[in-house]
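**Q** Attaching a single structure in structure tokens format; questions to follow.
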Amino acid sequence: MSVDKQTVQKIASLSRIAITDAEADALVPELNNILGWVEQLGEVDCKDVEPMTAVIPNKLRLREDAVTDGDMRDKILKNAPAAEHGFFGVPKVIE
Amino acid sequence: MSNISDLGIAGIRDGLTGGDFTAREVAETFIGRVSAAKPLNAFLVETPDHALAAADVADKAIAAGETLGKMVGVPIGMKDLFCTEGVETTAASGILEGFTPQYESTVSANLFKAGAGMLGKLNMDQFAMGSSNETSAFGNVISPWRRNDGGNTDLAPGGSSGGSAAVVSGRIAPAATGTDTGGSIRQPAAFVGITGFKPTYGRCSRWGTIAFASSLDQAGPMAQDVRDCAIMLEAMAGFDPKDSTSLELPVPDWEAALNSNLAGKKIGIPKEYRVDNMPAEIDALWEQGIAWLKDAGATIVDVSLPHTKYALPAYYIIAPAEASSNLARYDGVRYGSRDLPDGAGLQDMYAATREAGFGAEVKRRIMIGTYVLSAGYYDAYYTQAQKVRTLISQDFEKAWNSCDLLLTPTAPSAAFGLGEKADDPLAMYLNDVFTVPSSLAGLPAMSVPTGLDGQGLPLGLQIIGKALDEQNVFNAGLALEERAGFVAKPEQWW
């Protein structure tokens, strides 16, 4: 499988990364080089092999369904580039 | 008495408890080393006040005869992947410029609880993606080492923990934290002639460590020798309910059980690690390592890890896939930088912010990850890679039927010059050929400096162990260390 310019632009859009036309052109061979290399995995016989889900067997823990922290609005907003009135600020979403 | 700046963790501990010097003197010595080391560009933030405050607490505790923490009075360097409360943390990226965590990562908190102070935050490859420290948004770290050809080519300190490697080898900090996703502790340790240890996945909490690939990321120590790594890992590790993959196990007393007598131990030599184009010097060092381990009492056995060649391509699907998901959080809303072009809506703001804030390698990996997880490609790439990962893990399980540990080189070359591989992502990825398989399997592994090549640059050997068997990895590392007698350090030119 290989990607063309249109696919690169689609991937960039899904990744929410703006790219120029020239960058898309440059990324086509770069990504194809990497994808061509990882494609060798296709030659491994993986019949009846389960995909890895955890490297070290470890049971997922459950805890009591209770509030354990919170009440730190100002700390959470402290690093927001545009916090206002106790909320995260975003540009207008609805026209 | 040797110079304070030559001492590691155990040396500082012994000097402090023996009354040879105070923790304040130690902190001041290394703060001076840090401010003189600016040409290496190893620190992104310097925090001398933190180191001094910890030193004063240590001196009081020593004077009062209190029980001392394992890291008491040791000023360390902190890789900038660890969130540190009130101290800017960027993972060497532009997108997190100005981010000041309101909380402390579990690993850094554990180290401070054990008495360590912090000299500053260390430069690294951006979001830990890189093997040469050239992807940092804040400039390359320059290795303290130079080739013995009389030239002054700037060399890569390795990556991603390049700042950590540079400061420990340059005797600018007695020890530093690292993180290892596919070799980011071990490869830089090998490049600069220090010891680096990646524990079993889950030993060190990931909470508060900026995520790259969560199923692989592990913190570990980078220090002068095996004993120092054991001490520091004891302080870093431990169960943390805030990390769902943290292992609920006690932390062993690895230092106390150090023992370089390997009688009864079987060391496997995986034949698939004899890769094409490996420098003869590295092959010779590997043979020398085999001889040293035999001398320590071990039996050598040949083993096969048949899926080794598929580890790197599997890694370069799995790690970017996880990264593309983890790095979705950098959206210009919650923290870090925001780029809001005139009249832009929310989606345009995301795209502009991420375009401006991420470096080229980070973007490349996010896009690869997005692609392999996208509809229609998920099974062919991602599921297949996770199946291959299972096979790689089973290779190790089978090898443990005939041996206790594995011995391999750490990296396929000595340090290269900055810029020499920067244009070819695939050539750069191959640096991790020996370290990635054990990362995929979550196994403990360490790099021990064992020799110099013809250019006068350090080379390392890697010990890989069974899950949770850090002790035997330390012990075999110690056996190598005692026999290699590696004492070389870089001449100070900075």
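Yeah, the Cβs are placed from backbone N, Cα and C, and that goes for glycine too.
Below are the features listed in TrEMBL for this protein:
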ACT_SITE  B:Lys79  active site, charge relay system
ACT_SITE  B:Ser160  active site, charge relay system
ACT_SITE  B:Ser184  active site, acyl-ester intermediate
DOMAIN    B:25-473  domain 'Amidase'
**Q** Around B:Ser160 (active site, charge relay system), how many other C-beta atoms are within 10 angstroms of its C-beta?
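**A** Total other Cβ atoms inside 10 Å, all chains included: 35.
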**Q** Name, in the order they occur in the sequence, the residues of the same chain whose CB lies under 8 A from the CB of the residue listed as 'active site, acyl-ester intermediate' and which sit 6 or more residues away.
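**A** Looking at Cβ-Cβ distances below 8 Å from the residue listed as 'active site, acyl-ester intermediate', excluding near sequence neighbours, one finds B:Asp125, B:Ala128, B:Ser131, B:Gly159, B:Ser160, B:Ser161, B:Gly178.
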**Q** Which ones in the same chain are close to B:Lys79 (active site, charge relay system), with CB under 8 Å and 6+ residues apart in sequence?
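**A** Long-range Cβ contacts: B:Lys121, B:Leu122, B:Met124, B:Ser161, B:Gly163, B:Ser164, B:Ala176, B:Thr177, B:Gly178, B:Thr179.
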**Q** Which three-state DSSP class does B:Lys79 (active site, charge relay system) fall into?
**A** strand
**Q** Taking all residues of the domain 'Amidase' (B:25-473) together, what is their mean pLDDT?
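**A** Across the residues of the domain 'Amidase' (B:25-473) the model's pLDDT averages 97 on the 0 to 100 scale.
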